[in-house]
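The annotation transmembrane segment is assigned in TrEMBL to A:27-49, A:61-84, A:120-137, A:149-174, A:195-218, A:230-250.
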Amino acid sequence: MSRYARLWWSCLRQAIRRDLQFRSQTLINAFASVAELVLGLIPVLILTGTSAAEVGWNGPLTLIVVGIYGACTGLMDCFVAPNLRRIDGYVRKGELDLILIRPVNAQLFATLRWMEPAELGRVVTGLGLAVAGAHAAHLPFEAGLVIRAASWTAIGFVGFSVLWANLVYLAFWFESAEPINEVALEVREAGRYPLTYFPKSVQFVLATVVPAGLIAAVPAKVLTGTVTTLTTGLLLLTAGVALTILHWRLASRRYSSAS
Amino acid sequence: MRLARVLRVLVTREVTIMLHYRWWLAMLQLSNIVAPAISLLVWRGAIAQGSTPPVTETFLTTYLVLVSIVAMLTSSWTSGFLADSIRLGGLSSWLVRPCSTHLNGIANNIGEKVVKLVLLVPLVAVLGIIFRSEVELPPVGVRWFAFAVSLVMAGAMTFSLDIVIGSLAFWFEDVTAVNRLRYLLARILSGSLIPLALFPAAVIPFLNAQPFRFMVSFPLEVLLGHPSGQSFALQVGWFAAFVGSAVAIWRLGLRSYQGAGA
């Protein structure tokens, strides 16, 4: 375990060094990452601004959803997305050889190797928005609720990453699956909106198969005091992770290498 | 006349190449339709729960069903290719030919649109059928003609902006981050995510005047609404400004171009 922690730390230091080599690019990317959060707030605020009071969503609660969503997707875009975006290239160009010959778990290494620290700007801004929203909504600060909400966000984070990973593993089965990353990113956008606005069937999908709704909408509800049990979420997540490991094993057998 | 012939040959070549990437392009079209479909679902959900947007449900639904087609037709992916050809020296081979690299860029864009249109229309049709009770198109006539003219000008504006951003590679090593910023701004300001009419009244005058409106929203406003003559004049003005800027920056950049290996 400590070997993997050391490996991850080395990858992070390498990513920071790489970003320091291209400073202007990194700065613009950090700015764009924060701008993405702020601009993403606009349609959601307009939506809740025109909504009737009985829907139960107002500006401050929306800020919490968008803030948590921004922070969580900032982490995803820093640690997960740069790796998943490269899987297609690994398979198509035979670069996976260089990962398979290393004395580490290939799936884990292919999932954690690349990082983009510039995206972390969105994490800070997102958390700031969420705290400001909670303050404006006069939500009581209870450690239990915060831990429960953070757990739901973590389930959403891992759950959506697992779904995305399974989609990019299609690269092993088809000639090129690169645009599947764009599909995953667009679907993830649904997590920016309070779930109440979606039809019931879509709400169910966003809470299970495509867990974008668990990233922010469910945690925000939890912060308002709505009780939700974590057991089902954890069970689904465990099943998802197990299926993803199995999928990698089956898919990587089809890999024909660079030779 | 000669240019038209060359363009036809280039477009035919591009379409043939694009057909090799049909599944790749099909997945891209799926991603194109997801964002408007999400907007459509949440807005219709909000209206069903008593929300009162400043536009009718019919306008909103028709707009969000059609917006992915308009956004695709007026989009351009030239900046990345152009920046690469400047950075890696590929531009040199176009500079010695009796045909501009931009004609090739136009052909490339037309080629991808021909193939993408075939792939996107069935997806939009499915969305339209699902929400058919609230989709309302005008009868074929002058309005469709004005829509087509507006669409061509919108496409030309986006292409010109792409040339401007791609030309930054004459001075900067990488233009990816600038491109990312442009896409972020365009996503909100062009109306490709939600109609601009839904924004608060205080910002509507600004939204109506800024150029991104004329790249996606305006052609749809022409088709589904009754924009003023002043708006048409504004689109012509922005069109001239974008094309003029692209020509000026390209010429300026060429002076500082050094082919790879030179």
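Going from the start of the chain as shown, residues are counted 1 onward.
Glycine is treated like the rest: Cβ placed from N, Cα and C.
Just so you know, TrEMBL annotations never went through curation; they're auto-generated.
Long-range neighbours of the transmembrane segment (A:195-218) within the same chain, counting only residues 6 or more positions beyond its ends whose Cβ lies under 8 Å from a Cβ of the stretch, are 47, 51, 55-57, 64-69, 72-73, 152-153, 155-157, 159-160, 163, 187-189, 228, 233, 236.
Residues of the same chain lying 6 or more positions beyond the ends of the transmembrane segment (A:120-137) and with a Cβ under 8 Å from any Cβ of it are 30-31, 33-34, 36-38, 41, 58-64, 66-75, 77-78, 223-224. A Cβ distance under 8 Å defines the sequence-distant neighbours of the transmembrane segment (A:27-49), meaning residues of its chain 6+ beyond its ends; these are 55, 57-59, 61-63, 65-66, 69-70, 74, 77, 116, 118-119, 121-122, 125-126, 129, 189, 192-194, 197. For the transmembrane segment (A:149-174), same-chain residues at least 6 beyond its ends with a Cβ under 8 Å from one of its own Cβ atoms are 68, 72, 75-76, 80-81, 84-85, 87-88, 90-92, 111, 180-181, 183-184, 188, 191, 209-216, 218-220, 222-223, 228, 230, 233-234, 236-237, 240-241, 243-244, 247-248, 251-252, 254-255.
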